[in-house]
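Below: the structure, in structure tokens.
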Amino acid sequence: MKLAYWMYAGPAHIGTLRVASSFKNVHAIMHAPLGDDYFNVMRSMLERERDFTPVTASIVDRHVLARGSQEKVVDNISRKDKQERPNLIVLTPTCTSSILQEDLQNFVDRASRISDSDVILADVNHYRVNELQAADRTLEQVVRYYLDKARRQGTLQVSLTDEPSANIIGIFTLGFHNQHDCRELKRLLKDLGIQINQVIPEGGFVENLHQLPKAWFNLVPYREVGLMTAKYLEKDFGMSYISTTPMGVVDIASFIRRIEEQINKLSLVLSTEKVNYEPYIDEQTRFISQAAWFSRSIDCQNLTGKKAVVFGDATHAASITKILACEMGIRVSCAGTYCKHDEEWFKEQVQNFCDEILVTDDHAEVGDMIARIEPSAIFGTQMERHIGKRLDIPCGVISSPVHIQNFTLGYRPFLGYEGTNQVADLVYNSFTLGMEDHLLEIFGGHDTKEVITKSLSTDSDLTWNSESQLELNKIPGFVRGKIKRNTEKFARQNSIVDITVETMYAAKEALNA
């Protein structure tokens, strides 16, 4: 548990609620004090869905503290069971209500005896895991619960489908472009002649989870959510899974070849025809995706050698780093992630594609790193967008957490061949092109005559005199901020308080020395 005004990943109960509310006809009850019950507002604002099952808050107030929560929690579960008739009710505390150390499993056992719905308690340690880890665990818990139930009832279906099929695991509400990515994955699989067996949790029904083992293999597009479920299905049912993220032409080709490998392996057992997807990869890469062509164009070559910083969840940060370095020739000065629990995998993925690696959930540390490197562009989360605005560095958003403008109404996948076009556009448009910015300044497109200090420090210990201000205003806007920061850095190092034109030239000479 952490007290902060900014967190890259939210508290554990948010992850549980995201998974529960992604399923159809599943109701979540949150045992929490007032103030923790903001999930419905957040989801309705960001996801822009017409219809979703709201989360019920079982409020912990002074009356509950005086006589205990059991009656209230059980009554809420029973009431929702009668009103909504859900297939499943998930009870979760928050990190705040967990302090009470109540036996919630006993509440669930009691409610189960008087409810027609299935009732489970989210098996998550709210003090040790974050939102993404809790979501991963909750999805695995729900899948395990219903497959165990199907085993007991004799309704478990383990015979494979006649045609190649796949489960897509980990698409869920409030995910970064998850809905668009899911559509693109479905289109890709259709092109490959592969049926969709189940998509979970988004839009799925828990009563259909017993059909998961019918698929030939599982796809886990994002490491953050779905990997635990895929590993459980592999261990208990022998189902292979593919966790390669199909983002960028190189990894898409690798993803499709892994699918080909899985299908041909099973074709020996099932006596079906083998497949060869190389012609499809070649056609899509050369003629359908514009990204491969664009990377060889003069426009993209103008970006060669420019410095970029990448920061986000492990999946998106690793994929974007490889796209920038391998496919677009852009130097990644630092690649980072806030998924500290996946640090080993992340370092293994990006170590050969960037100058340095940063694994932290402290936004101040990320901001200091960006201020030190002074990249031409940032690719990160909503926080890196804020940092970029303060430093006058453009930022393309490539990962959660994000604000409402990144829950687009238009179709903007990051995965698949259409995703390569979207990523290429995002990268190219995120860089400030010097001549463009200079022309906008000349023709009054920017109000840039007022020089603003762009740094993460609030220090105001330096004074620019009128002559140095005038000299600074003569410098083109696209490099003015950098020159101002370098001059102020030189002045502080040499204990200079009043910056003159001479100080500016001295700083320039020191930099070139």
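Placement of Cβ uses the backbone N, Cα and C atoms for every residue, glycine included.
Automatic prediction, not curation, is the source of TrEMBL annotations.
Feature annotations, reproduced from TrEMBL:
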{"type": "DOMAIN", "residues": "12-431", "note": "domain 'Nitrogenase/oxidoreductase component 1'"}
{"type": "BINDING", "residues": "Asp36", "note": "[4Fe-4S] cluster binding site"}
{"type": "ACT_SITE", "residues": "Asp299", "note": "active site, proton donor"}
{"type": "BINDING", "residues": "Gly434, Met435", "note": "substrate binding site"}
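All protein chains included, the residue listed as 'active site, proton donor' registers 12 other Cβ atoms within 10 Å of its own Cβ. On the backbone, the CA of Asp36 ([4Fe-4S] cluster binding site) and the CA of Asp299 (active site, proton donor) stand 48 Å apart.
Counted within 10 Å of its Cβ, the other Cβ atoms near the residue listed as '[4Fe-4S] cluster binding site' come to 20, all protein chains included.
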